[in-house]
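Feature annotations, reproduced from Swiss-Prot:
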type    : residues                               : note
MOTIF   : 2-6                                    : motif 'Necessary for association with microtubule and interaction with GAPDH'
DOMAIN  : 26-61                                  : domain 'EF-hand 1'
DOMAIN  : 71-106                                 : domain 'EF-hand 2'
DOMAIN  : 110-145                                : domain 'EF-hand 3'
BINDING : ASP123, ASP125, ASP127, LYS129, GLU134 : Ca(2+) 1 binding site
MOTIF   : 138-147                                : motif 'Nuclear export signal 1'
BINDING : ASP164, ASP166, ASP168, GLU175         : Ca(2+) 2 binding site
MOTIF   : 176-185                                : motif 'Nuclear export signal 2'
Amino acid sequence: MGSRASTLLRDEELEEIKKETGFSHSQITRLYSRFTSLDKGENGTLSREDFQRIPELAINPLGDRIINAFFSEGEDQVNFRGFMRTLAHFRPIEDNEKSKDVNGPEPLNSRSNKLHFAFRLYDLDKDDKISRDELLQVLRMMVGVNISDEQLGSIADRTIQEADQDGDSAISFTEFVKVLEKVDVEQKMSIRFLH
């Protein structure tokens, strides 16, 4: 089965994905195999429904938000390259990557890109700030009915009050980064991919 995956990916495509995402040859081959097993329509793309069949996403309270991150605006299918680009945000940063070429593009799994990815999970209307309502929606997704609306409102208000530095009653990306400056985002937003 692994050989099927490697034969369908051209060497040049494999090299481009490797360069763009930082995944190893064997990781790309393994993830391609996973991609094709999820591709129920066998058309080389995944739909939202394909993602919803992944048990870990189905039970994750933010599963729908994570699934949405795989799709470009207005798109309802994602190809293998787009799939890999999104997964690259969750690739752990290796020691040898910390001293990468400063003139090259920033790796998709950099702290900055991981923070942008996390910010987009909260910024539901894509206006580059997290409003009280957006924060409430995400909190509601995470805790369900276990906490009253009043308590959730209090948590949202306190969070915005602590993070909002410019007084606009919302959290900008800069404010989001400031709040998370002491959080090990690189570790918390990483998934170990087998080599």
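Glycine too: its Cβ is placed from the backbone N, Cα and C atoms.
Looking only at other Cβ atoms within 10 Å, the busiest spot among the binding-site residues ASP123, ASP125, ASP127, ASP166, ASP168 turns out to be ASP123. Rounded to a whole number, the distance between the Cα atoms of ASP168 (Ca(2+) 2 binding site) and ASP127 (Ca(2+) 1 binding site) is 13 Å. Mapped onto DSSP helix, strand and coil, the motif 'Nuclear export signal 1' (138-147) counts 6 helix, 0 strand, 4 coil. Proximity to GLU175 (Ca(2+) 2 binding site), judged by a C-alpha distance within 10 Å, picks out LYS129 from the binding-site residues ASP123, ASP125, LYS129, GLU134. Mean pLDDT for the domain 'EF-hand 2' (71-106) in the predicted structure: 81. A sphere of 10 angstroms centred on the C-beta of ASP164 (Ca(2+) 2 binding site) encloses 18 other C-beta atoms. In this structure, the CA atom of ASP123 (Ca(2+) 1 binding site) is 15 Å away from the CA atom of ASP164 (Ca(2+) 2 binding site). Around GLU134 (Ca(2+) 1 binding site), a 10 Å sphere centred on its CB holds 19 further CB atoms from the protein chains shown. A straight line from the CA of LYS129 (Ca(2+) 1 binding site) to the CA of ASP168 (Ca(2+) 2 binding site) spans 10 Å.
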